[in-house]
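The block underneath contains the structure these notes are about, expressed in structure tokens.
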Amino acid sequence: MAPVGGGGRPVGGPARGRLLLAAPVLLVLLWALGARGQGSPQQGTIVGMRLASCNKSCGTNPDGIIFVSEGSTVNLRLYGYSLGNISSNLISFTEVDDAETLHKSTSCLELTKDLVVQQLVNVSRGNTSGVLVVLTKFLRRSESMKLYALCTRAQPDGPWLKWTDKDSLLFMVEEPGRFLPLWLHILLITVLLVLSGIFSGLNLGLMALDPMELRIVQNCGTEKERRYARKIEPIRRKGNYLLCSLLLGNVLVNTSLTILLDNLIGSGLMAVASSTIGIVIFGEILPQALCSRHGLAVGANTILLTKFFMLLTFPLSFPISKLLDFFLGQEIRTVYNREKLMEMLKVTEPYNDLVKEELNMIQGALELRTKTVEDIMTQLQDCFMIRSDAILDFNTMSEIMESGYTRIPVFEDEQSNIVDILYVKDLAFVDPDDCTPLKTITRFYNHPVHFVFHDTKLDAMLEEFKKGKSHLAIVQKVNNEGEGDPFYEVLGLVTLEDVIEEIIKSEILDESDMYTDNRSRKRVSEKNKRDFSAFKDADNELKVKISPQLLLAAHRFLATEVSQFSPSLISEKILLRLLKYPDVIQELKFDEHNKYYARHYLYTRNKPADYFILILQGKVEVEAGKENMKFETGAFSYYGTMALTSVPSDRSPAHPTPLSRSASLSYPDRTDVSTAATLAGSSNQFGSSVLGQYISDFSVRALVDLQYIKITRQQYQNGLLASRMENSPQFPIDGCTTHMENLAEKSELPVVDETTTLLNERNSLLHKASHENAI
């Protein structure tokens with residue numbers, strides 16, 4: 001180690017040498033910065049400048065020189081030190097010839113007035129950057145551009161120094177002029193915007209109109225719609241050509257609109273935003289919303305404009321359309337199959353004018369080819385059928401009539417073996433009393449039996465029925481299950497009515513139907529059903545032999561022709577039981593040797609009678625009037641209606657009431673207990689007092705054997721009361737209830753029920769004996 005203070009280089013020699021070399025360089029740099037900024041950092045120094053923004057066209061050219069438009073406001077970003085100490089009067093610009101002569105001089109001999117420095121704003125916290133606002137004036141007409149350089153000074157009264165680098169240069173160029181007057185510019189933009197909307201709307205409206213739909217409108221639309229469709233349909237057939245023309249026109253108009261807006265506004269961003277908003281709102285949304293709802297009317301009224309643009313774009317759009325036709329084929333038109341058509345009708349039901357029944361019929365007709373007879377047939381076990389060995393007596397014919405069917409299958413041995421068809425009209429000349437065998441009728445008419453297979457479609461079945469062979473068919477299928485040979489198995493019946501019901505989707509009911517639906521077996525209301533079995537004489541109630549047909553005729557005649565027996569007074573059920581009561585239907589054998597025998601007289605003049613008579617068979621002589629006029633009558637003539645409702649002259653004071661018996665029965669709605677008491681009391685009087693009986697003023701004498709109906713007043717009144725009991729089983733009086741037992745206690749009339757009240761044998765025999773004694 002060397003001694004201290006010995007010879008050699010001083011400690012740190014190399015480092016100290018480098019520091020001594022760097023010191024002069026640092027001084028030179030600081031001097032240069034001071035000379036460029038014309039002041040110390042405390043006075044403010046500008047290091048650089050670049051373009052921040054402007055309100056017109058501006059930017060930087062490829063050489064890095066800033067260019068701005070005349071008559072604009074330019075914001076320049078300045079960088080340096082202590083920029084907050086720099087005021088606007090320390091910054092200016094001078095005009096230079098070109099960038100090459102910029103270095104020849106550093107002094108600003110003449111400041112320009114074309115650039116006006118406003119102020120320095122937005123200075124940063126460190127005073128290292130700020131924005132200089134500069135206003136550019138308009139160039140002279142002979143000038144298209146000028147070049148300016150930045151000039152600065154350190155003091156307000158100091159000399160101006162010019163910057164000599166390209167960063168300090170500023171080009172001011174002439175503002176691009178409009179190639180059209182302002183009013184024409186705006187008018188052209190408006191026209192293009194309207195055309196853009198028309199093309200966009202027609203593109204949606206016309207292309208949405210299907211050629212098939214246009215043909216439909218031509219045939220079934222309104223007069224105006226037909227006229228519109230006739231105008232549009234020829235050009236709509238050329239779908240691709242029309243599409244290309246509309247799209248080319250739309251693109252051309254939108255492009256031109258954007259260029260005009262850019263020229264009018266002068267800013268690229270604003271032009272793009274304005275054209276986008278205008279095209280979207282006025283060129284797309286509004287016209288498409290309008291044409292989607294009124295495409296037919298808009299397309300017809302703009303047909304000339306459409307044809308014009310088709311002609312204008314023909315050189316380009318027509319070849320393109322042919323290429324589309326070649327590669328894509330012809331336009332696919334809307335065609336609805338059965339399922340789509342049915343679904344369309346269902347979906348549009350709230351908007352069309354079809355009622356539900358019409359919609360059901362259309363749906364049923366469309367489903368005709370998809371359903372089979374097995375879907376609508378009546379199962380064999382639910383069919384009404386008749387044996388081939390049946391006898392057509394009253395019971396059998398009543399059963400046939402009660403079934404309500406007009407075509408009845410005839411089977412032999414078992415129901416699946418159907419051999420004939422019986423039509424109800426075949427029985428028109430058949431007398432039930434003859435007990436004709438059914439085979440006699442079926443062999444005489446020999447109606448063909450029509451068989452169909454279970455998978456037969458309903459449209460084919462309808463065609464078979466239309467041929468008139470039969471309106472009823474037997475449904476069968478080939479049963480090849482199990483061992484043995486296949487055989488035909490009968491499944492059920494199908495009729496023309498079943499097919500029609502399936503078409504109209506509703507049940508057809510007439511007065512003879514028993515079921516609303518053969519498949520659901522829902523029965524029809526039986527309020528109109530006639531029970532022919534009630535006229536059978538199997539119970540031997542009638543002592544006089546009378547045919548069920550004559551009994552039925554007498555019942556209907558009394559109920560409809562004789563007001564005293566109308567259903568409003570006596571129910572049909574009570575009337576029928578009254579007719580079947582013993583001694584109501586009587587016979588009289590005529591004695592040829594004693595024509596004026598007393599028993600031949602049904603009525604004798606001036607003698608009391610309390611009965612009504614209806615002639616069923618035979619002939620009588622009637623003598624009436626002071627002149628003793630005589631005339632003959634026959635079947636279904638009747639006498640003594642007044643005897644049924646006459647009022648007794650000696651009413652018992654024990655039953656004071658203002659309402660007589662006959663009057664109360666004339667108004668069945670009134671149910672006063674006093675009336676009931678009057679009925680009971682009057683009944684006893686009629687049975688015992690001759691003075692209360694009807695006195696006939698005519699005579700009726702039999703001329704031949706007679707069969708007639710004889711109804712006494714007692715029976716008639718009991719029938720009235722029974723009918724009232726049937727509708728109202730209790731008589732209310734002053735909020736209380738009088739039962740039938742109490743009514744029986746007040747009179748000799750037995751307890752009123754459906755049997756004893758209507759037909760009291762003891763009273764009937766009493767009246768009969770009284771009548772014979774009176775005669």
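Any Cβ shown, glycine's included, is placed from N, Cα and C.
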(message) Tell me whether L286 and L491 fall on the same side of the membrane, as recorded in Swiss-Prot.
(response) no
(request) Out of S107, S512, S660, S723, report back the residue that Swiss-Prot marks as phosphoserine. (result) S660
(message) Just to confirm what the record says: which one of S142, S664, S689, S764 has phosphoserine annotated in Swiss-Prot?
(response) S664
(message) Can you tell me which of these residues Swiss-Prot lists as N-linked glycosylation site: N122, N127, N518?
(response) N122
(request) For the transmembrane segment (179-199), could you work out the same-chain residues 6 or more beyond its ends whose Cβ comes under 8 Å from its Cβ atoms? (result) 246-247, 249-250, 253-254, 256-257, 260-261, 263-264, 278-279, 282-284, 286-287, 302, 305, 309
(request) Just give the helix, strand and coil counts over the topological domain 'Extracellular' (286-293), going by DSSP. (result) 8 helix, 0 strand, 0 coil
(message) Just to verify a number: CA distance, N85 (N-linked glycosylation site) to N122 (N-linked glycosylation site), in angstrom, no decimals.
(response) 13
(request) With a Cβ cut-off under 8 Å, give me the same-chain residues at least six positions beyond the ends of the topological domain 'Cytoplasmic' (200-240) that come close to it. (result) 246-247, 250, 283-284, 287-288, 290-292, 294-300, 302-303, 306-307, 310, 320-322, 324-325, 328, 331, 333-335
(request) Can you tell which of N85, N122 has the least company, meaning the fewest other C-beta atoms within 10 angstroms of its C-beta, among these glycosylation sites? (result) N122
(message) Considering every residue in the topological domain 'Cytoplasmic' (317-775), what is the mean pLDDT value?
(response) 76
(request) Could you pull out which residues elsewhere in the chain have a CB under 8 Å from any CB of the topological domain 'Extracellular' (286-293), counting only those six or more residues past its ends? (result) 197-198, 200-202, 204-205, 208, 299
(request) Count the residues of the domain 'CBS 2' (445-511) that DSSP assigns to helix (H, G, I), to strand (E, B) and to coil, and report the three numbers in that order. (result) 19 helix, 21 strand, 27 coil
